[in-house]
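Undergrad: Take this structure first; my questions come after.
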Amino acid sequence: MRALLLLLALAVPAAVWAIHPLTLDARAPLPDQLGARGAYWLDPGGRATVDEVAAQAATAWRPAGQDQVYPLGNGQTLWLRFVLAPQPGHAHWYAEIPLANLDHATLYARGADGRWRSHSAGDHLPVSDWAVPGRQPVLPLTTSDTAPVEHLLRIEHAFPTSVPLLLTEEHQLLMRERGVAMGLGVYFGITLLGCVIALAAAVWMRDVAAALFVPPTVLLGLSAASFAGVSGWLLWPRHAIWNDLSAFAIPTLALVTMLIFVYVATAFGTRAPRARLWPLALAAVGVTVIVAMPFAPDAVSARAMALICSLLLLTCIALPAWTWWRGGDRHALGLLVGMVCLAAPASTHILRLLAIMPTGLISRFVLLSGAALQLSVVLVTLMWRGRDRGLTRQRMRGLGRADPATGLATQAAVREQLRRMTARAQRQQHAYAVLLIDLVNLAQVRQKFGRRAWQELPLHLADRLLDSRREVDTIGRLGDTRFVMLIDGPISADAASRLAQQVLAHCRRPIGGRPEGWTPRLRMALAVLPRDGQNPEVVLDELAVMLNTVAPGDTRALFQRT
């Protein structure tokens, strides 16, 4: 048994070293993945030359993996080795590394004369100096019609990562880039539209939170551009240092500004005064980390970014969750959903920084979809919040003219309307009437049926008074149990009396679905001006005295001046 195990152990290195030439098919709809068809070797010191690497013993090489996370960093470099079989035709082939923030990649190809030719790309080089300037490292492959061609790919990166390598033909590359460009264009268009809507909401609705949502939206768009490689390609193609640093600084700053937006939108400082400084302190720590990033190694910056971004995301979720759960803010639920939509895909990027998740389709593109969904959810929440705040402001402005419970005119509005009616009646020489109404059984209803009935009965009475009035009449509420109807003229005393009787009969009808005793019991006092007085204020006070001094046992419901 031991002899068999020894035989297998000796056979494994030979299998690992046996790299078969790769045959590429230009007619395939998708590019070839290198995967286990290549081999890798880790250079501990990162100083080996290409000739030294090519001369490595067969036992030093191991089969590569498309999603394998390699322990890079601390001066260690990765070498990938593969051989291309003879390729007939004149197709142009490329080695594509779909990792836009890769530090440095150099592809070596052995020529027919035995010499190595190289092409380089990566964040440590200006994009304009790449072999093929673009979003991510794309390096030309060398092919031959007659003999296999050996390739060695040297990878430098500050922290552990996977290195997905695609072998793609020029047409495949162009078609795939068109699809990516369309997707990025849709996302950036949504981001721009979101900024315009947020600014419009901030101005139109006078909402500071909507204005504070613009900076994180812009920074998230720049973060997406950095992750996709668009920013280094189009915005700063000659600034390699900033291109490398922006992948850490911009996303962190985006989450800092997002936390400030959530803090203001949830009014956390007002709702939780004892803890109001904690989110601001965390935002200050985030800014400090950003300032320190240029002076720290990339590996330290990556770990610091992963830690601070995790804390910022958790806090952005915790604030609206607490506000919704404890504070009862219904708009906080929308913010909570939006933050979860952002945090869920962003966690894949954090896991990649921590070398837990490989660089794959999910980690590369799910962040864009999550950010777009978060933008939509938060914008809807801001519009909903702005509408409610606008309605609240309208109600507050109308408190001086409309009763908040019933919507009837307030005492100030009633007296103003009464002065207008008096002036119009004097000009046109006609009469008008004032009907003062008391709800006399409200206290008994509360005692018998409870607080809810006590709140609902005035609303039912107000609704019936509104049903009874003419279009030119005004209904007002002067107190908890006192209402008034201003009956505009011209009207005679008999017509006013008949109208008062109709109002009384309509209001005293039983209320459907309510028990006996729920029916409003009313007393009314009617005055016709100018017959009963020239000063409407004095007449109104006299009607109030008339209702306040009703003798015990008096069962009359309508009182009139004589």
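Glycine is treated like the rest: Cβ placed from N, Cα and C.
Sharing the feature lines straight out of TrEMBL:
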type: DOMAIN; residues: 430-561; note: domain 'GGDEF'
type: SIGNAL; residues: 1-18; note: signal peptide
type: TRANSMEM; residues: 184-205; note: transmembrane segment
type: TRANSMEM; residues: 217-236; note: transmembrane segment
type: TRANSMEM; residues: 248-270; note: transmembrane segment
type: TRANSMEM; residues: 277-296; note: transmembrane segment
type: TRANSMEM; residues: 302-325; note: transmembrane segment
type: TRANSMEM; residues: 332-355; note: transmembrane segment
type: TRANSMEM; residues: 361-384; note: transmembrane segment
Undergrad: At an 8 Å Cβ cut-off, counting only pairs 6 or more apart in sequence, do the transmembrane segment (302-325) and the transmembrane segment (184-205) clear the bar of 3 or more pairs?
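TA: Between the transmembrane segment (302-325) and the transmembrane segment (184-205), contact is absent.
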Undergrad: Which range wins on Cβ pairs under 8 Å with the transmembrane segment (332-355): 184-205, 217-236, 248-270?
TA: 248-270
Undergrad: Please list the DSSP helix, strand and coil residue counts for the domain 'GGDEF' (430-561).
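TA: Counting residues by DSSP class gives 54 helix, 29 strand, 49 coil.
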